[in-house]
Amino acid sequence: MGNNCYNVVVIVLLLVGCEKVGAVQNSCDNCQPGTFCRKYNPVCKSCPPSTFSSIGGQPNCNICRVCAGYFRFKKFCSSTHNAECECIEGFHCLGPQCTRCEKDCRPGQELTKQGCKTCSLGTFNDQNGTGVCRPWTNCSLDGRSVLKTGTTEKDVVCGPPVVSFSPSTTISVTPEGGPGGHSLQVLTLFLALTSALLLALIFITLLFSVLKWIRKKFPHIFKQPFKKTTGAAQEEDACSCRCPQEEEGGGGGYEL
């Protein structure tokens, strides 16, 4: 009989204890985000400053993240959410929650998982930051020539459309009022001046070659007139020297 009474008392105490534990747990489960609850004091209390609790019923509140150094606040901490950080100007975030800051890539580079990487041949990036390398422009697709080769920082510069002089090719002329009219006029003028200069040089070269050939083939044409002129000049000098003697001789005869 005594043992039975003892067993009943133990069972009653266990039931009472379980009810109390369940009541404590149920009290903490009812706490809202931004609060914490301790088992020995099952009361929902607000998180203190610089702490937060995104889930209610936690025994402690979490410490808010501090954004300093290369970080700045993107979103300030509240009682229910942690602070969000971002990198300062000139840096970019690394990691899913911006755990590290890395300096922005320079023009001619792109950001990869390993950091900043120089653009490969045939690509460029003219942006200062997190831009990606883009392929050079293919000028030949538009029927244009490459005026300036591209670099890792700048794209290819395409020239005016290539003009074909094939009889079967139809040359399209852009009106003067169009965007390419001025460029086409300049190109036409340049080609005309170049052609005229080449023709003039060819003509002068041929002229000198012909004169040189004639002078070598017929040297008397250039030398004979000079000889005749020299001989005539000598005869005139001789005559001018003899004439006074004849006059003197005649004068002497009259005196006798």
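Backbone N, Cα and C define each Cβ position, glycine as well.
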Among Cys116, Cys133, cysteine joined to Cys119 by disulfide in Swiss-Prot: Cys133
Contacting positions for the repeat 'TNFR-Cys 4' (118-159) when only residues 6+ beyond its ends and CB under 8 Å are counted: 92, 104-111
DSSP three-state assignment for Cys85 (disulfide bond): strand
Cβ neighbour count (within 10 Å, all chains shown) around Cys119 (disulfide bond): 22
Tally of DSSP helical, extended and coil residues in the repeat 'TNFR-Cys 1' (24-45): 6 helix, 9 strand, 7 coil
Close in space, distant in sequence - Cys28 (disulfide bond), Cβ under 8 Å, 6 or more apart: Cys37, Lys39, Pro42, Cys44, Gly57
